[in-house]
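**Student:** There's a structure below that I have some questions on.
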């Protein structure tokens, strides 16, 4: 017979296990490092549907595998005035299996980083140069935002929509770190208007006309819904 005392002992264990599962991000590494071997056959895993490569033999690993030199200057800017240079295992092998990634972001004067979210990572941003209006929206639709100055740091909790806008008189430069090697990226504008969602649904949801929705879909590259 399962007693109340046994249940009291079991509940903390169940809570501990479920908490660790809920809070888990990338799996813990099983070795010091794992530099992918591009000459080996890839393996598709169920963890975030990643494509993984076997590790190089440790004797073939060099110091250069752990150095990334592409963030010395800004990349190409988009129409919204945004430039992002990501560092993840696809272009920085030393990050593989370490559960983290990185990015340099530059925003032109008046430019924006549109509302977006990362489904698999919390992001920490550090403003290196300029002034940026930055914030996020929680699950109760409360906005936490203000102007950040040089040297300040802000955190965007995992899975919450966040945004940035250059509100200074010079190009903004900031660096962001993620607690996942594959944080994912979902841009709100293109997810809504560029994905092929039924037009009638969008009209009812946003109070827009067919013409307005058509304009947004064309601008954001609408795809057919599947």
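Yeah, the Cβs are placed from backbone N, Cα and C, and that goes for glycine too.
Just so you know, TrEMBL annotations are computer predictions that nobody has curated.
Among the features that TrEMBL reports, oxalate binding site is placed at 113, 118, 123. Residues or ranges marked as Mn(2+) binding site by TrEMBL: 116, 118, 123, 162. Annotated disulfide bond per TrEMBL: 34-55, in sequence order. Summarising the annotation, TrEMBL assigns domain 'Cupin type-1' to 69-214. TrEMBL lists 1-24 with the feature signal peptide.
How buried are these features, and what lies next to them?
**Tutor:** Long-range C-beta contacts of residue 123 (oxalate binding site), restricted to its own chain and to partners at least six residues apart, with a cutoff below 8 Å, comprise 155, 156, 162, 176, 177, 178, 183.
Sequence-distant contacts (6 or more apart, same chain, Cβ under 8 Å) of residue 34 (disulfide bond) comprise 55, 96, 97.
Across all of the domain 'Cupin type-1' (69-214), the predicted model scores a mean pLDDT of 95.
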**Student:** Report, as a single number, how many Cβ atoms besides its own are within 10 Å of the Cβ of residue 113 (oxalate binding site).
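**Tutor:** Around the Cβ of residue 113 (oxalate binding site), 26 other Cβ atoms lie within 10 Å.
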**Student:** Relative to the mean position of the Cβ atoms of 113, 118, 123, the recorded oxalate site, which additional same-chain residues have Cβ within 8 Å?
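**Tutor:** Counting only non-site residues, the set is 103, 116, 117, 125, 156, 162, 176, 178, 183, 185.
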**Student:** I'd like the number of other C-beta atoms within 10 A of the C-beta of residue 118 (oxalate binding site), please.
**Tutor:** 23
